[in-house]
Structure formats: structure tokens, C-alpha cells
Amino acid sequence: MVENTETAGTALSNEPIQPLPPPPALDPRKLALGKQLFHDPRLSRDQKTACATCHNLKLGGADGKPRSLRPGGMATPVNTPSIFNAMLNFRLFWDGRAGSLAEHIQGPMEDTGTDWEVALQRLRQDASYVSAFSAAYSDGLTVAAVQDALVTFERSLVTPNGRFDRYLRGDQNAITAEEKEGYRLFKAYGCTACHQGVNAGGNMYQKVGVMGDYFDKRGDLTPADLGRFNVTGLERDRHMFRVPGLRNVALTAPYLHDGRIKTLEDAVKGMSKFMLGRPIEPREVKLIVQFLHTLNGEYDGQPL
Ligand code: HEC
Ligand code: HEC
């Protein structure tokens, strides 16, 4: 009896993907303020674009568009990544140019066109913000406090306890036999050479098209396609991108930095061709896609 229970409950500790941690303990007042700010369009230049316009928590933390619209009508140069689990990535952005959420929020807010001093003046007109900030921060409503509240909220956006994590923790029934086979193939094909760790990615850079020229096939080269080269100017960084995490990936179509790949099936096929240089059978693509769906997690105790 006891033995059975233990076998069923043994966590799989030597897997290339590890379960997501629970969100860190955070000051509830700062968290509530950050959540409100994240959804507040007054931070943006046109006062119409909130962080959540592009990072919609109901759409997997992204917006379902190939590229998003910035205030003023310009498209973002790249696809909007999910904000969920972002702080678990080793660097931020497709080209890794920001090191942390705090660094990002203090840098130029190109996607919202935010001028922090202008935004602060707007928020100061709102008595409820003024009193809530006085309660949460010793200096009250300041640019630093606004930025800190946003980062606090971002740090809460972890999606633990998905079916795959329950499987890793030892619940054999959390995923089906087909999903297990998909995971086996994911490892056997070598996807885990790049998509690994708690975020199933997000912990290294890799060249897009290591085994074939994706950009030649696609055509229409943009400056953003140069990837990390734009940050370092080094030839070896041409077309280098941060490997994206695959958590909740089934919810964040379209795919890749250019948002050109519409379905998960096509993303898996493309990876096989350009990153591994191997043909893959449709049946195997389907199984891997089934496995990828088990990476959907929970936010605030609810499935995404
Ligand atoms: C117009 C759409 C848009 C808006 C509005 C927007 N973002 Fe983004 N966000 C993006 C895009 C596009 C990227 C990827 C940029 C890149 O990689 O060069 C991104 C990347 C990020 C990242 C890095 C994620 C990662 O894993 O690399 C964070 C963090 C982030 N945004 C937070 C915010 C916050 C906070 C706000 C509000 C102040 C905001 N964003 C508003 C489109 C948007
Ligand atoms: C050599 C490293 C490498 C290998 C191996 C690899 N990937 Fe990727 N993967 C990447 C990189 C880098 C990107 C981002 C490419 C881009 O945006 O242009 C990516 C993107 C993806 C995406 C799209 C994610 C998104 O949010 O847009 C999926 C899905 C994916 N990979 C699945 C797989 C699968 C399945 C395999 C195995 C068949 C695999 N990958 C093998 C590096 C790799």
C-alpha cells in the first residue's frame, strides 16, 4: 500500500524541464497598485494603450497579433511575447537587451511611448492613487514607486501547477499516454537542447536557422531579424535570438520573433527543419503539439 503511493508520487527530478515555482511573496498593496497600473492607459503617450493592451492576461499574456500597434499607429518590430513567467527568463526581449524587469521599466518605454514625468502628473490628479501610494510607499507617489509597483505585479505573473508540472511532480495521470509520447519525442528530437529549465526555454541564445536559412526562405529581411547583432554588433550574433520559453505556448499564436508562423503545428515543423535539420512525420508533429498543450499553467488559481 505505502509502496504504491510512493511510486505514484515520485517526482521526476532528472528531466530537462522543471516545474515552475509558485509566485514569490509580495507586498499585497504594491501588488494591487501594480495590477491597476498595468491596466491603466494613462501611462501611455496617447492615454489609450495600457501594458495589458498588448500583454492581455486573458490571451496568455500576449495579444494574438503578429505585431502590435504602438501609440501613433506604428507596428512593433517584433511579435509581443507573453508577460507570464517573463521574470524567469535569463534576459528580457527577443534580442536579450534588458537584464531584468527593473532595468526594462527604467529604460525607454517604446511600446507605450511613456514619459514617466508626464504620466506621474496624470496619476497625481487621481486622489485614489495618491492615497494608495502613500500607504504602500514611504515617499508616496513617485516615478520610482510607480515603476516598482509595476515590477512587483510582473513578478506575480507565474503560471505554476499546469498539467505537465503536476506530472513532473509525480502525478502519472496528469497527462495522457499520447502527451507522454509527445514529450518523449520532444526530448528524442533534441528540442530540449534549447527549450529547457523551468520556462522550457528562456535561458540561452541560439541562431535562428542553425541548420538551414530561415530568412532566405522567408525573404523580406527587417532590422529586427538581425536579433542580438543589433545589441552587440558582433558578426557571430547575427540572427541570434533568446530561445523563447514554451510555457502557455498553445495560447500565444502567432509564433516566432516575426509573428509569421500561425499555428503550433507549423512552428514545430519549422523548428525541426531549421533548428534540427531533420524531417519529421505529421503524426509526430501532432503528438509534440499535444505535449505542448500540457505546458498551460494556472494564474491566480485558475487555468489560463
Ligand atoms: C504596443 C504593444 C505593447 C505594449 C503596450 C507593451 N508591450 Fe511589453 N512588449 C511588447 C513587445 C513587442 C515586446 C518584445 C520587444 C522585443 O523583444 O524587442 C515586449 C516585451 C516586454 C517584456 C519582456 C518580456 C520578455 O520575456 O522578454 C516585458 C517585461 C514587457 N514587455 C512589459 C511591458 C510593460 C510593463 C508594459 C506597460 C508599461 C508593456 N510591456 C507594454 C509589446 C508591448
Ligand atoms: C537550436 C535551438 C533550438 C532547438 C533545437 C529547438 N528550438 Fe524551438 N526555438 C528556438 C528559437 C531560437 C526560437 C525563436 C525563433 C524566432 O523567434 O525566430 C524557437 C521558437 C520555438 C517555438 C515558438 C515559440 C514562440 O513563442 O514563438 C516553438 C513552439 C518551438 N520553438 C518548439 C520547438 C520544438 C517542438 C523543437 C523540437 C522539434 C524545437 N523548438 C527545437 C530554438 C530552438
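Placement of Cβ uses the backbone N, Cα and C atoms for every residue, glycine included.
TrEMBL does not curate its annotations; it predicts them automatically.
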Site co-member for heme c 2 according to TrEMBL, given Cys191, Cys194, His195, out of Met87, Met109, Met271: Met271
Annotated stretch (region 'Disordered', per TrEMBL) among the listed ranges 1-27, 217-243: 1-27
By Cα-Cα distance, the member of binding-site residues Cys191, Cys194, His195, Met271 nearest His55 (heme c 1 binding site): His195
Composition by DSSP (helix, strand, coil) of residues within the domain 'Cytochrome c' (177-296): 57 helix, 10 strand, 53 coil
C-beta crowding around Met271 (heme c 2 binding site), within 10 angstroms: 23
Listed in sequence order, residues not in Cys51, Cys54, His55 with Cβ within 8 Å of the centre of the heme c 1 site Cβ atoms: Phe38, Ala50, Ala52, Thr53, Asn56, Gly61, Asp63, Thr80, Ile83, Asp111
Heme c 2 site, defined by Cys191, Cys194, His195, Met271: further same-chain residues with Cβ within 8 Å of the Cβ centre: Phe186, Gly190, Thr192, Ala193, Gly201, Val243, Leu246, Met275, Leu276
Per-residue Cβ crowding (10 Å cut-off), top of binding-site residues His55, His195: His195
Tally of residues which DSSP labels helix, strand or coil - the domain 'Cytochrome c' (29-134): 46 helix, 8 strand, 52 coil
